[in-house]
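To keep things clear, I will list the structure first and then write my remarks on it.
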Amino acid sequence: MSRSDEYVVLGAGITGLYTAYCLLNDAKISPTKVTVIAQYLPGDQSIHYTSPWAGGNFSCITPNDPDTLEFDKYTYTHLHELQAKIGGPEKGIDHNPTTEYWDVYPGDVKVNSLKTYLKDLQIIPKFQLPAGVAFGIKYTTWDFFCPFYLANIKKYLEAAGVTFIKQKLTHISQAYLPRTKVVFNCTGIGAFSLSGVKDSNVYPTRGQVLVVHAPHIQENRMRWGEDYATYIIPRAHSNGQLILGGFLQKDNWTGDTSAEESKDIIKRTTELMPEILDRPLEILAVAAGLRPSRYGGVRIETERVEGKLLIHNYGASGYGYQSGFGMAHRAVQLLLKEKRGAKL
Ligand SMILES: Cc1cc2nc3c(=O)[nH]c(=O)nc-3n(C[C@H](O)[C@H](O)[C@H](O)COP(=O)(O)OP(=O)(O)OC[C@H]3O[C@@H](n4cnc5c(N)ncnc54)[C@H](O)[C@@H]3O)c2cc1C
């Protein structure tokens, strides 16, 4: 099979993988023309690689700007296409019930948007809400078994003919291989330090999670406070792994985990869902991750590097899984627009 590197995706987190997928399936680019370059690939672990550490589910904590509302809705309503392509729910992406509680009402803009697409949405009557909760909903969400899901998207892309190269770049210009026409910059938190990009609007929002073995819990439960986030997320098709979280620590770059924080997570999650303790708590892992946040929101825009096209797609903060498919779709639409304008 002859191949070329006309389309390079820099980054193999969920953003880069969704982007490579959309290149094949939205833009109908031949997989043999697509190369993914990344310092860390599915299966690797590093504090500089956020995606394996996500909770990860669809929830309603994303911002209320029109772009993010659209990315959430697109992702929620289109993920079943990707699910089918990579081999079905057992590849680490499935539906489960969820309950979300807010201490402060999230606003009509968010709620009215959710009403247009969430499956099985119910607004919980006020008298059924726990103390201190202003608003609550139940619906059917998406759950991911993040490290496994990443590996299965990579497998699908590789089987189709996409090339993966493990390499750390120090400058964005190094992503342009001899025949490259366009690079998609999906470097997440790496966009802060990569020369040629060095986006000082990027900052980490650190989280810590516990992975526990709790096959008796098959539903999500989330509580959003003004200064805390508590969440319980079953990993899809993981033989009973459950994520307990968490923290949202702005500008904290540490990859260390803290026993004190784990204790606090256990306290809050077992108060929110006492059934977790119907079995002895079996902790499988404790991990920290840096959400790639950005002042001004996600960056999806074009630029030229030595006359060649660069399309940025990063800054997914705490919602790469649940918004990222819509973000990738938008980034690939920018490519198609350039093609129509014959600038490529
Ligand atoms: C505790 C926690 C819980 C979360 N829960 C959820 C959730 O429930 N739902 C949800 O949707 N999201 C959740 N998130 C957020 C989600 O994990 C992120 O939005 C997402 O992982 C960001 O993906 P990314 O591909 O942009 O970045 P990353 O996963 O960090 O990938 C970046 C890629 O770029 C590569 N790269 C960077 N710089 C370079 C370089 N110089 N050279 C070569 N390669 C480079 C890296 O090697 C990597 O492959 C959570 C995050 C955390 C930490």
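Counting begins at 1 with the first residue displayed.
Heads up, the Cβ atoms here are built off N, Cα and C, so glycines get one too.
In TrEMBL, annotation is done automatically, which means it is predicted and not curated.
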Per TrEMBL, Tyr231, Gly318 bind D-dopa; matching candidate in Arg206, Arg291, Arg294: Arg291
Cα distance (Å, whole number) from Gly318 (D-dopa binding site) to Ser51 (FAD binding site): 10
Integer mean pLDDT for the domain 'FAD dependent oxidoreductase' (7-333): 97
Cβ-based isolation winner (fewest other Cβ atoms within 10 Å) among the binding-site residues Thr50, Ser51, Arg291: Arg291
Chain-mates of Tyr231, Arg291, Gly318 with C-beta within 8 Å of site centroid, D-dopa: Ala54, Gly55, Ile61, Thr205, Gly207, Ala229, Gly245, Gly246, Leu248, Ser317, Tyr319
Conformational class of Arg291 (D-dopa binding site) under the three-state DSSP mapping: strand
Recorded D-dopa binding residues, Tyr231, Arg291, Gly318 - maximal Cα separation rounded to whole Å: 16
Residues Thr50, Ser51, Thr187 [recorded FAD binders]: greatest CA to CA distance in Å: 11
